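First comes the structure, then the notes that go with it.
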Amino acid sequence: MSIFIGGAWPYANGSLHLGHIASLLPGDILARYYRAKGENVLYVSGSDCNGTPIAIRAKQEGVTAKDIADQYHEEFERCFRNLGFTYDCYTRTDSEHHHETVQNVFLRLLEEGHIYKKTVEQAYCETCTQFLPDRYVEGICPHCHEAARGDQCDACSAILDPLDLLEKKCKLCGSTPSVQETEHFYFALHTFQEQIKTAVENVKQTGTWRDNAIQLTERYVKEGLQDRAVSRDLPIGVPIPVEGYEDKKIYVWIEAVTGYYSASKHWAEKTGEDDQEFWDSEAKTYYVHGKDNIPFHSVIWPAVLLGIGEGAIPRHIVSNEYLTVEKRKLSTSKNWAVWVPDILERYDPDSIRYFLTVNAPENRDTDFSWREFIYSHNSELLGAYGNFVNRTLKFIEKYYGGIVPKGSIDVELKDKVEGLYKHVGEAIEQTKFKVALESIFDAVRFANKYFDEKQPWKQREDNPVSCEETIYNCVYLIANFVNLLEPFLPFSSERIRNTLSIVNRNWESQHTLPSRIDSVQPLFERIDVKQIEHEVEKLYGAVK
């Protein structure tokens, strides 16, 4: 089976925060799982280097947009690598290959009659003497009356036209823009109304889109899909490939989502592989992002794919809700955020991955609390999982000289483990990652109970053969926890693999156990709870 996984592209205008990771982490869990299953996986993403936020940041700092994009693209790559993300291709939207692919898609849509020219009114700043891209216009949402940008309202998820905003202001200088006529290209989104409606009806039956994606897309369909501009007067971006319009750029809402396609083509070019199987209707596709990106993946991207004749419209939409920080809405402008480069300097990446999975905002907003983060590490990763692994391997090291005793696998344990592979696998495929991880940790707690009830420290004296059986079965459980937890906790899984010399990474019950173990080191270190107060003080102290 061909599995395509697309992770949303973060804007390269500032550091990643935990809200980004909470929405993107499911993509890596899926990729690791399906590779272990032996499926053909293509997992792609990249940095959005063409967006208006980058141009604004560059203007504020007095540097070029490329300077900003380079800085954060490199930081993103480093953060994703240090968090264990296993992208097959992580690229950027200001690359030549991306520009070429996007222009080709634009021309195909134009040739098929899905793009047309239209004279429209657009916000123009007399002070800055320029037409204003949508994100350069800020004001009040006409639907919910909250503060909004010219392209979208984060409060109610409405896709907006800048001229719809109330109390419009230029983001650059704060003046009220005028309205002038200009010519732009438009995407005939309304012509895909019935196909998008059918797609939503289908996923309501299969349950392969998150509820928030279904509800929001149904709302758009009910209101009637509106044609959208595909060109803008932007300072950076992909030039319109039509003579006489080269000074205009392809609008980022269609250009950025086409990044999945351009990354796929770039991967194929680099590896010599054929990527077409990932764009056929039989492909199993997952798009992983936050709920603010839903309409771009549930309406616009499917319409673009249909418009160019590709069959792989999004089968799974993994659109997480929002992550708050210490019960407050995350705000980058106010510096109310936990920044990824910062937390990675001091904490185990598996601790971050664990907390953002068991506490994932899958169906509702959830909160990142330093207290909960540190206590979950100490109680679950260290106290449950680390404790079981350490007490078993230390027992072998102390009483068997590092040689794993001989034994036979308990039938009940074998059935439990094989059932766990099936249950966890199904949960991952259904994008129920929290359920999957909690199921494994239920088994970890069962394993600790098994160790306690068998009391190998007593068996060793009273019944050495039973002791060997107990320890052998504990090693069997550890070897399988390593595989089951690989998609979630890859770093600790790798450490145990090295200790036990486990080579097999397949998603199946491990029956061949190691004969000996190498030097045993603690799997996790205890975090001093005094860190809670320190981290909270640091967070409040950084607020602007």
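Note that Cβ sites are derived from N, Cα and C of the backbone, with glycine treated the same way.
Since this is a predicted model, take the numbers as computed values, not measurements.
Annotation for Cys153 (Zn(2+) binding site): spatial neighbours Cys141, His143, Cys144, Glu146, Leu160, criterion Cβ-Cβ under 8 Å with sequence separation of six or more. According to Swiss-Prot, the Zn(2+) binding site annotation covers Cys141, Cys144, Cys153, Cys156.
Annotation source Swiss-Prot lists ATP binding site at Thr332. Non-local contacts of Thr332 (ATP binding site) by the CB criterion (under 8 A, 6+ apart in sequence, same chain) comprise Gly14, His17.
Across the motif ''HIGH' region' (10-20), the prediction's mean pLDDT works out to 96. Taken from Swiss-Prot, the feature motif ''HIGH' region' covers 10-20.
The helix, strand and coil residue counts that DSSP assigns across the motif ''KMSKS' region' (329-333) are 0 helix, 1 strand, 4 coil. Taken from Swiss-Prot, the feature motif ''KMSKS' region' applies to 329-333.
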Largest tally of Cβ atoms lying within 10 Å of a Cβ, found at which of the binding-site residues Cys141, Cys144, Cys156: Cys141
Chain residues in Cβ proximity to the motif ''KMSKS' region' (329-333) (below 8 Å; excluding those fewer than six residues from its ends, i.e. six or more beyond): 14, 17, 19, 322-323, 544
Tertiary contacts of the motif ''HIGH' region' (10-20) (same chain, 6+ residues out, Cβ under 8 Å): 47-49, 51, 53-54, 56-57, 68-69, 71-73, 75-76, 79, 92, 290, 322-323, 325, 330, 332, 337-341, 343, 352, 356, 368
Helix-strand-coil residue split for the motif ''HIGH' region' (10-20), DSSP-based: 3 helix, 2 strand, 6 coil
Zn(2+) site, defined by Cys141, Cys144, Cys153, Cys156: further same-chain residues with Cβ within 8 Å of the Cβ centre: Pro142, His143, His145, Glu146, Ala148, Asp154, Ala155, Ser157, Ala158
